[in-house]
Every structure is written in C-alpha cells, then in structure tokens.
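Asker: Sharing the record's features from TrEMBL:
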- Asn8, Glu379: Mg(2+) binding site (BINDING)
- Lys15, His208, Leu209, Gly210, Asn211, Gly212, Asp283, Met284, Arg285, Gly328, Ile329, Gly330, Glu331, Asn332: ATP binding site (BINDING)
- Arg93: substrate binding site (BINDING)
- Asp150: active site, proton donor/acceptor (ACT_SITE)
- His181: site 'Transition state stabilizer' (SITE)
- Arg241: site 'Transition state stabilizer' (SITE)
Amino acid sequence: MKAVVSLNAGSSSIKFALFTLDDPSVPLLAASGKIEKIGIEPSLRAQSAAGSVLVERTWPGGADLTHADLLKDLFAWAIDHLGDREVVAIGHRVVHGGTQFAAPALVDDALLAELETLCPLAPLHQPHNLAAIRAVRSLRPHLPQVACFDTAFHHGKPEVASRMALPREFHDRGVRRYGFHGLSYEYIAAELGRIAPDLAAGRVIAAHLGNGASLCAMANGQSIDTTMGFTALDGLMMGTRCGSLDPGVVLYLQSELGLSVSEVEDLLYRRSGLLGVSGISSDMRTLSANESQAAAEAIELFVWKAAREFGAMTASLQGVDALVFTAGIGENHAGVRNGICKRLEWLGVRLDDRANEANDFRISAPESQVAVLVIPTDEERMIAMHTIAALNRMAG
Ligand code: ADP
C-alpha cells in the first residue's frame, strides 16, 4: 500500500498533504496541514479529510530551525500517521519552470541546477521550493521527487500573450510573460469540466484571489492569457505585491530616490499591495474588519484593479461565459466578489446576493448573462495527480 506527499514550501510556511493510493487513479486525502512561522516560532497543524485535528505542535524557541529540520519532523509524523503505507514519491509546487518546462519533471541534479537559475525571477517562492527539494533529498536520497510548475499550464498560450514590447533579443533570452498559479487553474479547469462541462468548453475567466492573486483567461480549458507575467509581481494588487506598475516608477525609485535593487525588490514584493496601501495588514479579512479609511481604500483599489483586469481578460477571450472565484479571498469574501461583479454589470453579470453571501457554487442570478461560480481550489491534489502520473511514466 502506497502514499504520496504534496509539498508547497514558502518562506515561512510549508503546506503539505498526504494522499493514500489504495486506488492509484483516485488519490485519497489522508491528512493536510501546514507548518507556519518558520524562523519565528514554528508550529505544525494537520487535519484529516473530514477536518478533525490530527496533530498540533509548536517548537518553542525554535527560531533557528530550518525548513530541513522541520521537514524531518514532519516526515517522522507522516510516516507514523500513514502506518503500513509507504511514501513512494514527493511532489513539490515549484513556482517557475522557465521556458523549458511545459510539464512536471522528475528531480535530478541537472533539473535542480536549471531551476536554480530561475530564482531571481521568483525570489519570494523559488528558493524555498528548491530548499524543500534539497532537504528531502538529504533525508531520503532515493525517494523520487517531482517538480510541478506553476508556469506550465500557461505554456501553450498564444505567442502574442507571451511577448513583451521589448527588443526581440530579450524575448529570446527568456524575458517573456509566463504566468503563474497554473496548478490552481489546472485544477479549476478540471473541476469545471467535471461539474459544468458546457461552461468549461466555453470562455472562462478564473480568479485566484489569495495572498498572491491573478486571473486566467481560459478557452475550452486552456490558458490563453493571464495577468501575471515574467514574475509573480504583475497584474492584480496582492497581499504585499504591487501588481502592474508603470516601469518608470522603478527607474524613479532608483535614480531619484536612491533605492538599491534589493530595496526596490523588498518594496514591490513585500511592502506594497494591501499592506502598503492600508498601512495596516496584508490580510483581507483583517482589513475588512478595520473601519479606517486607509483599509477601505486598499480594498477599493484591490477591487478596482481586479475588475479592470477582468475587462482585459474578456477582450483576450472576445467575450466571457463564466467567471470562477477561488483561493482564500475568492472562496470566502462575498464583499470582494460583489464589488468586482458590480463593476462588471456592463458585461451582463448579475449576482444572487443570498447565494453570494452563502459562498454557494453558483452565485450568479438566473438572469445573469455570465455564470459566476465559486470553486475551492486544491493545488495539493493537482500536485499529487502529477506525481502519480510521473511515477507511472517512470514505471514504463
Ligand atoms: P495563499 O496565497 O497564502 O495560499 P490564501 O489562498 O489562503 O493565500 O488566501 C489568503 C487571503 O484570503 C487572506 O487575505 C485572507 O484574509 C483571505 N481569507 C481567508 N479566509 C477568509 C474568509 N473566511 N473571509 C475572508 N477572507 C478570507
């Protein structure tokens, strides 16, 4: 009996999910959870598929514990929890696969070296994704690991949606619009295909609104445009990232205000977005509960920028049949969904307020010309599916 583990390692957290493969075509969730506050005071929490808490643990005074140290403890717990099921592979979310990787890939030295060169393109994520792969390698050198790329889903999008208006040589050197959140969009496309195949076959704009946020324009389940570009900074306003920005601002920050490259990076990735505009928090829930004008302005800008990008994605698709909201804000925040959809009434979008407040699957009113849906994403399951497929390819 077998199991696979999905890992999604960030700077201060590691999300994980354990899937058993008693029926290999339908991975069954055995546990999921998160190690948080790495570098401060790490804590681990895992729950069963039904939501009951399986383990809660903190490491008081554990600020020095590395991702590798904590993964070792997580493995010990997971092996114990899985009993006689053997972990046969680990799948990782890897944010950037560059121009080369259009599909998940088995990890080896050459792959790791290649992915390392992409760290400057995703400084918030890539180094941590790779650190987790290395940590698992040192713990279990022979365990197959599969890198699942957030960029891969967007690989087939039209050339025009990949090109930037820079001299050609830069495109040839990889300065392109890649797009991210691909594991989430791939899952949404598959779920929509299962639940509402007519809509999935049409023109759909999916909105992944979490700490990171983007939109994806999908035609017949394929990405044809997306708001993130060369890096995960572009497009929508996010928790701490600015989203699309006049590139002249970056020049001004450096040449006139004297900010160094790393200060600009810190500003755009970690101090902007909801946090920067509100001056209060990067967390949408916290801001919604705050009565200050700055919090209201931050939410207003988030909604305004999102609605504007919905317009752009609609143009890329030449119309739209369905909108899908997903991730922390998209799945739970009726006010943000309402704000965005109000700004899209010119498209014929009408919400059913009661269904929206209840986070129902279909939140559009019967008279709406565009279906509006809420579908919880599951990147960990997508990683598990890719990992199993890679193992099957390996087996021949
Ligand atoms: P990540 O990108 O880190 O995976 P999530 O998808 O968990 O992020 O989204 C985090 C965002 O979702 C935060 O801004 C948080 O406030 C918001 N969020 C999560 N749950 C809720 C909720 N029940 N109501 C409103 N907002 C929520």
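The chain as shown is numbered from 1 upward.
Placed from the backbone N, Cα and C atoms, the Cβ positions cover glycine too.
Where the annotation comes from TrEMBL, it is an automatic prediction and has not been curated.
Not measured: the values here are computed from a predicted model.
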Asker: Considering only the recorded positions Asn8, Arg93, Asp150, His181, Arg241, Glu379, which fall within 10 Å of Asn211 (ATP binding site) when distances are taken between Cα atoms?
Answerer: Arg241
Asker: According to DSSP, folded down to helix, strand and coil, what is Asn8 (Mg(2+) binding site)?
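Answerer: Where Asn8 (Mg(2+) binding site) sits, the three-state DSSP reduction gives strand.
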Asker: When DSSP states are folded down to helix, strand and coil, where does Ile329 (ATP binding site) land?
Answerer: helix
Asker: Within the set Asn8, Arg93, Asn211, Arg241, Glu331, which recorded positions show a CB-to-ligand 1 distance under 6 A?
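Answerer: Passing the 6 Å Cβ check against ligand 1: Asn211.
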Asker: Just checking a number: largest C-alpha distance across Lys15, His208, Leu209, Gly210, Asn211, Gly212, Asp283, Met284, Arg285, Gly328, Ile329, Gly330, Glu331, Asn332 for the ATP site, rounded to a whole Å.
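Answerer: Max span of the ATP binding residues, Cα based, is 20 Å.
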Asker: Where Lys15 (ATP binding site) and Asn8 (Mg(2+) binding site) are concerned, what is their Cα separation in Å, rounded?
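Answerer: Lys15 (ATP binding site) to Asn8 (Mg(2+) binding site), Cα-Cα distance: 5 Å.
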Asker: Measuring CB to CB from Asp283 (ATP binding site), give everything in the same chain under 8 Å that is also at least six residues away in sequence.
Answerer: Gly239, Leu274
Asker: Expressed to the nearest Å, what is the distance separating the residue listed as 'substrate binding site' and Leu209 (ATP binding site) at their Cα atoms?
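Answerer: Counting only the Cα atoms, the answer is 18 Å.
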Asker: Looking at the recorded positions listed here (Asn8, Leu209, Arg241, Arg285, Glu331), whose Cα lies nearest to that of Asp150 (active site, proton donor/acceptor)?
Answerer: Asn8
Asker: Ten-angstrom check, please: count other Cβ atoms within 10 Å of the Cβ of Ile329 (ATP binding site), all chains counted.
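Answerer: Within a 10 Å radius of the Cβ of Ile329 (ATP binding site) lie 26 other Cβ atoms.
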Asker: How big is the gap, in Å, between the Cα of Arg241 (site 'Transition state stabilizer') and that of Glu379 (Mg(2+) binding site), rounded to a whole number?
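Answerer: Between the Cα atoms of Arg241 (site 'Transition state stabilizer') and Glu379 (Mg(2+) binding site), the distance comes to 21 Å.
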Asker: Measuring Cα to Cα, how many Å separate Glu331 (ATP binding site) from Glu379 (Mg(2+) binding site)?
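Answerer: That separation, Cα to Cα, works out to 14 Å.
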Asker: When the Cα of Glu379 (Mg(2+) binding site) is compared with the Cα of each of the recorded positions His181, Leu209, Arg285, which one is closest?
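Answerer: Of all the candidates listed, His181 is nearest in space.
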Asker: Provide, as an integer number of angstrom, the distance between the C-alpha atoms of Leu209 (ATP binding site) and His181 (site 'Transition state stabilizer').
Answerer: 10
